[in-house]
Structures are given as structure tokens and as C-alpha cells.
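Everything on this sheet refers to the single structure shown next.
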């Protein structure tokens, strides 16, 4: 099995080119999109005023219409889809580009306003749509588009017609197909058998051609398995690696059982028994004496305990309440399928296979694996990075970074390897990936060595090594390809990448935009002339990302 295909989750790549103008945070710095010849990241003192924050954005874009090339008034081209205040007091807004009322796929703009000053814009907008002759009425129906997608899944993926589950509603979008935007249907095909899949299809609304497709594993829909009413208790059990853990449970006097239901964190943490089937979520895990020492219990003990650790990490370190920021319940299913060699976040819950005992142990036994997958959930609710090409590699890297930081937070034999606790149990020192030395497992550690093929959604598990190495260097320091990097420690590195993920990245961000986002995040947190900003630049220089 290709270990790069493990730990899957959700990528158009928009080529970017950086053009900094001045060193001060108050002077403009731009990252240009090479494909569309428009800015994809602008920071500095962009515009001041007493208008509402969104009005500043519209005014600035109208003022710079020759640069952004939106055509017409900005308020007619952008729809405000999100607005919040971050921990620094900045007003952060997300806008979606529209063409005659139809959303432009992946074209999201993030704007920051602080004390009446527009300080940054991040995201790729598609220019000059008004100059193109774009159809806004489909020649094929929704039903036809869905049938085309399902048939392609059967022909190319499952080799049989999958038992499709309810997915995201099919919708019309303007899809940036290369340099030729066109009207398309976005179709979601979800299924659990014969293998789990959550495919996104772009179907040309004119002729039914498949324009693009990718497997976005983190968006399936579970059902059943209700919480129980009862008293919060503390149980004890043994995990996959044989270590003892105390876990929060719930005793139901009505049923006379203790359940893996933790009522102390957010809306609860629930762990289910899949019973080696592929129906989610399974049965809420029950035990007669609140002691979970049977070998069959081990995967559930770890899934339950580590979900709590991940919740605590995001709450205590980043002030984030669960993966959605609003204390959503965390649900996990263990013993999924038979010998299933994977784990995944499906948009609503965690799913863990038992492994085959040779390539993998039960996946919930790796705390970095649990942190990795739940971070995909955080990404889903923030940047929404498309799981393909460079945006998908950033998605994977974010999960590796925060999975590793969770492991250090819990101080459970922490290191910079990914999946080392559950991968190839018969081979000492083996792992899925390495952040400190990506080349150790065949992954690139420099942009010049990136994978440019189409396998693995454009190398999402491979090219993540480039960003992993940058994060490692930012934390620990070192010399890489002749570039010296001053380390700033894990905590600051995590703060910078978290802020970049939550407040600057957009669905189609690529590596250059990630660099700009991390530089801006470091400037926000530590000052524009700080060592932290310099170290971010050094780390990305060292891996060839500019």
C-alpha cells in the first residue's frame, strides 16, 4: 500500500508570484497570480475610513479596478458570506465572487479591517468575466449531470455502481477550467461501499463533459447512534500500545451501562463501535463496569481519549472551541470494516480502521493521526482548502503540523514523524512521513523537487513535505539548501500557521499565498520588524517558496 495515500481528507492550484514593496507593514506588499495576472494577497495600509468594514472593501476594489479587473461595481461582483472578529480585534470578512448571481468556484476573498483601516486582502478572484461570453443557463439537467458523475465513479473508481448516500446538493457554478471559465455543475457523489469515497465532480453544463474530479474524503454523512442521559463518570482502560488511560464516560441508570460519552467538553465526545461493518456511526460504546481492558476495547479507548486531547489543545492553545469553533460534538467510530488500512474525517465524524496488523495497527492508536484527521475538520470550517494540487498539499501539511503539535502538547513520546506509532509495527523507526526530513520517506523537501503529476490528487501527500519542512525549520531552526533559519519554537510556529489557516487562506491558496499568509500572521502577532517575521521568510526561502 502507498503510505502517501493514508490519512486522506479535501485543489485547484493557482500559480502565484510574490512582489513585496517595502518592509513596513504599512507599506503595500503584493502576491500576484501568474495565471490571471491579478493580486492574490495584498497587505499594508490599503484604505482608511469610517464606513462599515465591508464598504471599505468595496471602495478599495472599485478604486483599484484596473488592478483587480472585476468589471463593474465590486458590491455587484462579491457576496459577503462570513464576518467575525478575531482575537486581535480585527474584523475578518469572507466574500464569494459571483457572475450574474452564480458563484465562481473557489473564488473567495478574505479581508481584514482594523480600527477603520483595510489592512489585507487574500484570495484569488477571476478577472474580466464580463468580457467573456459565459452561458448562465445549462443545456443538461441536474439529473443528467448527477448520472454522468455516478457512472464515471462506477467506471473509473469502484468498478461497480456504488450505494450512493446523500451528499451536498448539486449546484451550478462558474468553474475556472484552466484559463477558460465555464458554466458547470458541482456534483458530490458519496458512498461507503465497496470502498469509502466522497467525490467532487465538475460537469460541463453545456455538454456533460467531466472537467475535473477529486476524492474529498472528509464530507460523508453519518446517521443514528443517539447520546444517552446519565451521570458523568471516569473510567479506565488500556490503549492500542498497551498504555493505561483514564477516560470520561457516562453512566446510564436506565440501561445499566457505562458509555464512551464525555460530557465535560463542548457538546460532548462520543465513541462508537463499528462492529467491523461499514455503516456509520455504529453503536455508542457501552461497558458493564467502566473498565476497558479487553483487547477489543483498545481502539475505542484511544479514539475517545485522544479526541479529548485534541479538543483541549485547540481550546487551550488557540481559543478554538471544537473543530467548528462553536463546540460541535466530536464523534468517532472504531472497528470500521475488516482490516481497513485507513482513517478519515468524513465531514461529521472520525472513522478509524483496525489496520491489517502488518502495515498498520488500529489507527486511533496514533495521537498524531487523531490530531491530523480532526485538523481536517478545522480546515473544512475555516480556509476550506480544496483537496487537490497545492491547496490540497497545504491541507495535508496543516494536518501534519497540528497533529504533531498535539503530540507535543500531550507529551506522549513526541517527535517530528507522522504515524510512527501505528505504521509497520514490525519495523522499528518507521513512519508515514517525516517533517524534519521529508526525503527520508521519498517526499520533497524543496519546491524544485515537487511532484507535478496527477496521482494522489496532484501529490497532496507528497508535496506536503515541502510545507512540513518549512514548519519544522521555523520551529527548530537549521540550515537547509544553504539557507540559515533561526528557529522560534513550536508554540510560535503553531500560532503563526493557525492564524494563517483560519484568517488568511482561501480554498484555492497555493504555496506562495501560504508564505504571504504566514508572514502577515507573524506580523500581526509579533510585529512587522520582528524576528518571527524574518524567520518565516527564512523558512520559506529554505524550501524554495517565494
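Backbone N, Cα and C atoms are what each Cβ position is placed from, and that goes for glycine too.
Straight from Swiss-Prot, the features:
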{"type": "ACT_SITE", "residues": "373", "note": "active site"}
{"type": "ACT_SITE", "residues": "461", "note": "active site, proton donor"}
{"type": "BINDING", "residues": "287, 289, 291", "note": "Ca(2+) 1 binding site"}
{"type": "BINDING", "residues": "423, 424, 427, 430", "note": "Ca(2+) 4 binding site"}
{"type": "SIGNAL", "residues": "1-25", "note": "signal peptide"}
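In the three-state DSSP scheme, residue 291 (Ca(2+) 1 binding site) falls into the strand class. Neighbour counts were taken at the CB atom with a 10 A radius for the binding-site residues 291, 424; the maximum falls on 424.
Considering only the recorded positions 287, 289, 291, 373, the residue whose Cα is spatially closest to the Cα of residue 424 (Ca(2+) 4 binding site) is 373.
For the binding-site residues 287, 289, the ranking by surrounding Cβ atoms (within 10 Å, all protein chains) places 287 first. Distance from the CA of residue 461 (active site, proton donor) to the CA of the residue listed as 'active site' is 13 Å. Residue 423 (Ca(2+) 4 binding site) counts 22 other C-beta atoms within 10 Å of its own C-beta, drawing on all protein chains shown. Comparing Cα positions, residue 427 (Ca(2+) 4 binding site) lies closest to 461 out of the recorded positions 287, 289, 461. For residue 373 (active site), the count of additional Cβ atoms within 10 Å of its Cβ stands at 29 [all protein chains shown]. Comparing the Cα of residue 287 (Ca(2+) 1 binding site) with the Cα of every entry in 423, 430, 461, these being the recorded positions, the smallest distance points to 423.
Residue density at residue 430 (Ca(2+) 4 binding site): 15 other Cβ atoms are found within 10 A of its Cβ, drawing on all protein chains shown.
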